[in-house]
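Undergrad: Residues or ranges marked as disulfide bond in Swiss-Prot (evidence: experimental evidence): Cys23-Cys28.
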Amino acid sequence: GLMDALKGAAKNLFASALDKLKCKVTGC
């Protein structure tokens with residue numbers, strides 16, 4: 001449903017933001 005789609009999108013956004021942050025901190 002719609003809520004599942006929103007949760008999936010939020011999870012993806014959170015994961016990519018976490019990856020970017022990790023790259024800044026550790027230099028990938």
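Quick reminder: no glycine exception, Cβ is built from N, Cα and C everywhere.
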Undergrad: When you measure from the Cβ of Cys28 (disulfide bond), which residues in the chain that are at least 6 apart have a Cβ under 8 Å away?
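TA: Result: Lys22.
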Undergrad: If you run the three-state DSSP split on Cys23 (disulfide bond), which class comes out?
TA: helix
